[in-house]
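Colleague: Structure provided below as structure tokens; questions to follow.
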Ligand code: TZP
Ligand code: MG
């Protein structure tokens, strides 16, 4: 299996219900150079999520980019996605691993230093520092932002890939990468950009220039 590149993850914006707009932005993100896509749907029914997942997978295959499904192991299995991203209160990590197998990418959200030290985080393929900054995009179950100091503390104890999420834009990306993150995960910095393609290219360039990629 090729090594996963955590440079820039586009987390899809479930506030966009129009499929043409939704997939036009996803395709712009893929063209602009995202290295991972996470399909995140928090409000729709299973059939709608599944249909979006089928199409998202088709697009990701064209661009040879892994597709990860937020929370839903069943949807990931149904569309042969490359993995899942789960939170602390989703399917237990060991069960997700058993269901998906050893070759799937499993990411885990971490909101405290304590969570980063636990076995689940150590067994995950990557962790998401969630949130690094405050954001208006996720309004429920959002922990206190860890900030740069939280990121630095977690980096000291965590040796696997780490991406940050929450309130990230082109003005704070370099600081996140220079303080130890392997990559960033964004929703609105791409989905709400006037030009998602340009925004993606800019974010990618900042991560690549700042990091050791
Ligand atoms: N998890 C933690 S913050 C967040 C998620 C899904 C939303 C990030 O959205 P944005 O627009 O990049 O701040
Ligand atoms: Mg979750």
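Each residue, glycine too, has its Cβ placed from N, Cα and C.
Automated prediction, rather than curation, is the source of TrEMBL annotations.
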Colleague: Among 3, 138, 144, which residue does TrEMBL annotate as binding 4-amino-2-methyl-5-(diphosphooxymethyl)pyrimidine together with 38, 39, 40, 41, 42, 70, 109?
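Modeller: The record-listed residue among the candidates is 138.
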Colleague: As a test of reading the model: what is the averaged pLDDT for the domain 'Thiamine phosphate synthase/TenI' (8-190)?
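Modeller: For the domain 'Thiamine phosphate synthase/TenI' (8-190), the model's average pLDDT rounds to 97.
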Colleague: 42, 138: which of these binding-site residues has the highest Cβ count within 10 Å of its own Cβ?
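Modeller: Max Cβ neighbours within 10 Å, all protein chains included: 138.
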Colleague: Roughly how many Å lie between the Cα atoms of residue 40 (4-amino-2-methyl-5-(diphosphooxymethyl)pyrimidine binding site) and residue 71 (Mg(2+) binding site), rounded to a whole value?
Modeller: 8
Colleague: Over all shown protein chains, what is the count of other CB atoms within 10 A of the CB belonging to residue 40 (4-amino-2-methyl-5-(diphosphooxymethyl)pyrimidine binding site)?
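Modeller: Residue 40 (4-amino-2-methyl-5-(diphosphooxymethyl)pyrimidine binding site) is surrounded by 20 other Cβ atoms within 10 Å.
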